[in-house]
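What follows is a short report on a single structure.
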């Protein structure tokens, strides 16, 4: 008995020491501020941060790693539920997310009663829609520090580069597909890959000075770091070109215009402002990425191929549209809206797109090629009705409005706000022509971007946001790190 007690106590002490050391390592990677944002459970902190690392690192490279991260952040949330509930009970976004999840579950049960043959699809899409609730645990364990945010983005960038390498390996080492021999697909979906890479391009452009200076462990290696950064930038730009998704080209064009106007305003119209090397680096990186991507892509040809369709759309001749890429989508959207009579309030159910596609007035070739309506806006309306659409967009707009308010108060660095804005532009453009709730990774893209913005919102009520730039977790000030 004495030996058993000694062994038990020894195991407990050893476990405590290991857990404490692990927590120190993980908190060093994602610094959690002192005070109310910290929990009293080392296990919850370690598991939560490990889950966030798994999600961002597996965002492009591994579905299993993302699923593991999802389970870890939920487990950490349960372990720290009392502390989290105390901090979030007055947060309207938390309540809106809870109402959204309850509504999705209720709508799924009614859809199962109405369409029992779609049970598997109903639950599959319902789970993906309910994942919007992951915004809270991911944002909580990101910690709302600049270093943690940068580390998360670097993990996502590493994941994207791994995807590109996997594509080369899948082509038996033949990189001829970079010259247009094949379309680069991400987990069998080019739209997901284009969204991922366009957000990465915006991050590389906006955070160019910060990435190079933030990880300046050795000043003698600055040339190597600059070359490595440019190589990664060119690689991501070429991969984006091969993905060849026009909606993301439109998003990238909007980003380029905004960036050009911003740089012009900062350099020309702000009194006493000089053209710094960091701004030159941003401008050069943007020019390099856009030029190389456009040179390798067939975007201009694809836009010209749809010229007649666009002309008919402007003339209002919807029925005469040929079944091209844009034509398919217009026919599906019109067919979906025509079947909403009597179902405007609650829709058809989370997994009922196939049912609507079969009965809607849509060309046969479109029904054969597509299984859903290729627009998240239309999909949310068809699946959840006006009530679900109102809940969904209320959550998104509330997060963005709170984030914008905090930024206007000067509590968030300008480049962080610019990146979130660019990511939202990419999401809006991509979701207009693709239904990311129907895709596993598309859902996580959306959740991670919302969580990246929400982490600053959730931290506002529990600690001064000035620690974003002056806390112990930061070793580089905002003004010296190249913030836009």
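A Cβ is built for glycine as well, from the same backbone N, Cα and C atoms used for every other residue.
All annotation found in TrEMBL is predicted automatically rather than curated by experts.
Here TrEMBL flags 232-393 as domain 'O-antigen ligase-related'. Mean pLDDT across the domain 'O-antigen ligase-related' (232-393) comes to 78 in this model.
The transmembrane segment annotation in TrEMBL covers 42-59 (among others).
Taken from TrEMBL, the feature transmembrane segment covers 65-81 (among others).
According to TrEMBL, the transmembrane segment annotation covers 93-113 (among others).
Distant neighbours of the transmembrane segment (125-143): 30-33, 37, 45, 48-49, 51-52, 55, 70, 73-74, 76-77, 84, 88, 93-94, 97-98, 100-101, 104-105, 107-108, 149, 152, 350-351, 383-384, 392, 395, 399, 437-438, 440, 443-444, 446-448, 450-452, 454-455, 457-459, 473; these residues of the same chain sit at least 6 beyond its ends, with a Cβ under 8 Å from one of its Cβ atoms. Taken from TrEMBL, the feature transmembrane segment applies to 125-143 (among others).
Per TrEMBL, transmembrane segment is recorded for 150-169 (among others).
What TrEMBL records for 193-215 (among others) is transmembrane segment.
Annotation source TrEMBL lists transmembrane segment at 222-243 (among others).
The transmembrane segment annotation in TrEMBL covers 249-269 (among others).
Here TrEMBL flags 278-296 (among others) as transmembrane segment.
Sequence annotations record features per position, and here TrEMBL assigns transmembrane segment to 380-400 (among others).
Residues or ranges marked as transmembrane segment by TrEMBL: 412-429 (among others).
Outside the transmembrane segment (435-457) by six or more residues, the chain places 55-56, 59-60, 63, 66, 93, 125, 128-129, 131-132, 134-136, 138-140, 142-144, 149, 152, 156, 186-187, 189, 191-192, 195-196, 199, 353, 372-376, 378-380, 383, 396, 399-400, 402-403, 406, 411-412, 416, 420, 423-424, 427, 465, 468 with a CB less than 8 A from a CB of the stretch. Residues or ranges marked as transmembrane segment in TrEMBL: 435-457 (among others).
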Taking a Cβ cut-off under 8 Å, which residues six or more beyond the ends of the transmembrane segment (193-215) line up next to it in the same chain?
59-60, 147, 150, 153-154, 156-157, 160, 163, 184-187, 222, 225-226, 229, 232-233, 236-237, 239-240, 243-245, 247-248, 251-252, 255, 259, 278, 281-282, 285-286, 289, 293, 415, 418-419, 422-423, 426-427, 430, 434, 436, 441-442, 445, 449, 476, 480-484
